[in-house]
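Participant: One structure coming up, written as structure tokens, with questions to follow.
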Amino acid sequence: MKIAVLSRNPRLYSTRRLVEAGEQRGHEVVVIDTLRAYMNIASHKPQIHYRGKPLEGFDAVIPRIGASVTFYGCAVLRQFEMQGVFPLNESVAIARSRDKLRALQLLSRRGVGLPVTGFAHSPDDIPDLIRMVNGAPLVIKVLEGTQGIGVVLCETEKAAESVIEAFMGLKQDIMVQEYIKEAGGADIRCFVVGDKVIAAMKRQAKPGEFRSNLHRGGSASLIKITPEERMTAIRAAKVMGLNVAGVDILRSNHGPLVMEVNSSPGLAGIEETTGKDVAGLIIQYLEKNGGPHLTRTKGKG
């Protein structure tokens, strides 16, 4: 197969591993800088150009699209889909999961367990919003944030009111979530490929911190997940329409709660912690399931 990897940086661990795994299995793998690919949209034959030449002959595309380039990255991926190239994750599914609010609404509609979450526009509604999520302590999240940036834990209702007001004053869209104390600053990252959880790790926040992101100094360890957690992760990825996803789950007193479904999960933490060849399993998934013109939405999304 000829596989394109959409990535801003060929030196990133995840990108390097996908190239290695693809080449080891006899495929040609080309890394394409997402922002340097440009499109001829209004032609009978949809084209993508890169450094002055059309990109042609690809069988599959692996999108590693950073949150900051979601809009442009999805447009490039859609163009590949219109050419009949098989995407590891579809543009529609990526856009869906990147909109945190929409993602939670879809998960909620399908009965997937979530922390109680509130969303409001007017400062007048702040007191009721806080009551809605069972009061303080509570977590405030900026909708555009990644890697734990723009996430605040408010210990008191007074602090919560001040922080929510400040964000609203800055015209920042935020959501307010109940704080799951019993999770103890830990979450579980389930790595879903197809309809299986192929690897899982526990991420523990460093002392004095509540965000367990590895980018924020959290530590990772092996964990055995329960059948219910496994089912929840697989369902969450399915609701989003993602073939490959990192599903972040909290252990609460009333079962597993999904915090986020990540469409471009990093491979470094999960491979180092579990010792599994996650990149190889992703390439195997493409070999089994890839093929021309198999995009469910046919790039119309």
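Placed from the backbone N, Cα and C atoms, the Cβ positions cover glycine too.
Grabbed the feature section from Swiss-Prot, which reads as follows:
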type	residues	note
DOMAIN	104-287	domain 'ATP-grasp'
BINDING	K141, E178, Y179, D187, R211, S212, N213	ATP binding site
BINDING	D248, E260	Mg(2+) 1 binding site
BINDING	D248, E260	Mn(2+) 1 binding site
BINDING	E260, N262	Mg(2+) 2 binding site
BINDING	E260, N262	Mn(2+) 2 binding site
Participant: Roughly how many Å separate the Cα of N262 (Mg(2+) 2 binding site) from that of D248 (Mg(2+) 1 binding site), to the nearest whole number?
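Facilitator: Between the Cα atoms of N262 (Mg(2+) 2 binding site) and D248 (Mg(2+) 1 binding site), the distance comes to 8 Å.
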Participant: Please classify the secondary structure at N213 (ATP binding site) using three-state DSSP.
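Facilitator: Looking at the DSSP assignment, N213 (ATP binding site) belongs to neither helix nor strand, so coil.
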Participant: For the domain 'ATP-grasp' (104-287), provide the mean pLDDT of the predicted model.
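Facilitator: For the domain 'ATP-grasp' (104-287), the model's average pLDDT rounds to 92.
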Participant: Among all the protein chains here, how many other CB atoms are within 10 A of the CB of D248 (Mg(2+) 1 binding site)?
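Facilitator: D248 (Mg(2+) 1 binding site) is surrounded by 21 other Cβ atoms within 10 Å.
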Participant: Around N262 (Mg(2+) 2 binding site), how many other C-beta atoms are within 10 angstroms of its C-beta?
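Facilitator: Result for N262 (Mg(2+) 2 binding site): 22 other Cβ atoms within 10 Å.
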Participant: Do me a favour and check the Cα-Cα span between D187 (ATP binding site) and D248 (Mg(2+) 1 binding site); whole Å is fine.
Facilitator: 7
Participant: Taking the Cα atoms as reference points, how far is D248 (Mg(2+) 1 binding site) from N213 (ATP binding site) in Å?
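Facilitator: D248 (Mg(2+) 1 binding site) and N213 (ATP binding site) have their Cα atoms 10 Å apart.
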